[in-house]
């Protein structure tokens, strides 16, 4: 085995945001040298990595030159230059996940086609190269209202996605390549983190459940384990494994799924990296998703994915009407609550709905955890000074 | 409450070794700015802190000037200049634990007298200002062989401590201030981590047990919870709390104790900081000892000290006959074992018996954890290339 620990081996990470920051806790734990590339001089990863480089993740030369300097290259964000990754792979550099996987995932149209080819259950859809073609599709009834419109590129955190109910909604859409997806009236939105190593060892985490706010229709809690039947659990895990294998994925893959009213499991989207739906694992799991990603891409044995205790994650997003230097109001109150751990990502400025951190609530009894999570949600506020 | 999170608040840490390194995981989690002072340019804390300064921890000016730059000052090693800390305290700087506590603990003679004054049970002892006085004490029978000799200063990890059975052993001793301590034939060596906040909130961790190697007479495993009766558990916790209160300690305090054959609890030594006997808490506890230390010295609410699962810690020390660039032989084999997490401190060079890291083994069943711990111990070796 190659010697990664307190050695000259270098792991390169494209992107220096909060996901990278949390990954660095584990590279530090193992004393694995890291190089991080990020456009921002104040990236959360700026400290705690061994070598920080400021640069554009979409620039071919920048990504290529960065990749040449490291032994294994990974990423914590999808919007990176895949051409540079492909070149590095051709030259024998280890890039995990692969440029091929990333190219498929970067384009939602291509991602949906991939599921079709691989017989992975997903919502019905049609692709359109621009707005005019979409409008035709609606006029000649190939697409029926209501439907879910998704821009094929650059969609993230709800951006580039909208529910289309009328011609007026259509009129508001930008003129970009897009897909029109059948609207799923789902019982539950579920997610499974799958991890697969270079040599193909594969493990799945328990199924998690996204609980939505009744009015706001926003994910409020990520709950592990999901409060679903064993049959649905098995079905969801089987689908998630199938997706990981179909991509021949190396590293952590987050598979987001719908449980339909008829208990079908449909793949919604995937993220080829540690994911918000796996943050609970830092406190609740035997091996957290970040350590697991490192184990997988270095072809080390995978760790146990079971939970020690029940876990719930609440996102900390900037409150409406607040912009400027951040203050975590009442954080000391939630720290009084048992099993509550705030994670502060290190962004100095808050903005409405900006992801500023998250809070994990762990408890041996998941229903107790759920009660505490609600108290947390109603107590802490991300405001400006 | 003062705003510590993503603010301009600065926490100063004297010492940049592995304890500081592990503390930085939690300052990073909370995005609390840190300044670290350490003599070594390759200190494990060099990265992951916000401001690293190379300097002598025993130098008055260096420590004083460093302290002036921060809002709260703490330490991860006892051998620091307490006069500088006292000066900073007089000028209103928050220093936790206090210089007074540290001065008592730095000198083992003074530490023992403190226990006497405060009616804290400890092994009988006599102090001697030099070797000649010790020899007199033996000759006129004030000290009976065998006894435990301890240098009052600079003892660490077994250094400065020896069991004296004969005149020949006495002859070998250095001419320093020392104590002669009654030898305790103990059933168990136990430890309790106590945490006390600025405003006096106090919590204790479960009692841990040090299991010794039958021949080598070295601590092999730190086991949480200790395999002792509830009566002894309560007694040990009561004594540990008494010690913390006697010091009016602020922060984490590790209290090492003997359980005698007659089930007395005697305090052996204390460490006014996160301690080896609390490392298991990173994986096993609801709140690890490093986060807890930060909560305490910033007067934040203390976290839950209970365990999620049973935990065992095994130290990774350099193998005999190996010096030079370190290799963690068979580390991939132990990473296959369930609930096993290696911690690599980041020292590039190994030496016989040098503390290079530790391994935590967690399992819901402590006896299962104990079996796995033995496999770990017999598998991984810290060698040189």
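Each residue's number is its place along the chain shown, starting with 1.
Heads up, the Cβ atoms here are built off N, Cα and C, so glycines get one too.
Around residue B:269 (ATP binding site), a 10 Å sphere centred on its CB holds 17 further CB atoms from the protein chains shown. Classification of residue B:269 (ATP binding site) by DSSP places it within a strand. The ATP binding site annotation in TrEMBL covers B:108, B:150, B:181, B:182, B:183, B:184, B:189, B:268, B:269.
The domain 'ATP-grasp' feature in TrEMBL is assigned to B:112-298.
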PLDDT averaged over the residues of the domain 'ATP-grasp' (B:112-298): 94
For residue B:183 (ATP binding site), the number of other Cβ atoms found within 10 Å of its own Cβ: 16
DSSP-derived structure type at residue B:181 (ATP binding site), helix or strand or else coil: strand
Structural state of residue B:108 (ATP binding site), classified by DSSP into three states: helix
